[in-house]
Amino acid sequence: MESVVHSIAAVLLLIGGFFVFVGSVGLLKLPDFFTRLHAPTKATTMGIGAILLASMVLTTMRDGSLSIHELVISLFLFITAPVSAHMLAKAALHRRVKFLDHSKSAELAARAAEQKNPD
C-alpha cells in the first residue's frame, strides 16, 4: 500500500513540476504582458495545486489522519491567483499597456478607448 501512495505522490509531483516549468517558460518567452499574465496563473493553479495534493497524500499516509493545511492553501491559491490576474489585466487595460499588433484583444482595446474618449 505504501508504494502505491508513493507512486501517486510521485506522479502528482511530476505533473506539478511540469506545470510550474511550463508557466515559468511562458513567463519568459511570451511576447506581451497579457499573454505573459496567463502562464503564471495556470502554473499557480495547476502546478502548485498538484504539488500540494501530493504533500497532502503523503502527510495523510504518514500521520493516519487527513491533512487539511494543504487543502486550505490550495483553496486559497485557486481563489487568489485568477482574481489577481484579472485585476492586473484590468489595470493594464486602464493604463493602456501595448498589445501585440496581431492580437484580437487590441481591437477590443481600441473600441474601448474610442467609447471612453469620443473625440
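Placement of Cβ uses the backbone N, Cα and C atoms for every residue, glycine included.
Marked as transmembrane segment by TrEMBL: 6-28, 40-59, 71-89.
Outside the transmembrane segment (6-28), and at least 6 residues removed from its termini, the chain residues within Cβ reach (under 8 Å) are 35-36, 38-44, 46-51, 53-55, 57-58.
Beyond the transmembrane segment (40-59), the same-chain residues lying 6 or more positions past its ends with a Cβ under 8 Å from any Cβ of the stretch are 5-6, 8-10, 12-13, 15-20, 22-24, 26-27, 67, 70-71, 73-74, 77-78, 81-82, 85.
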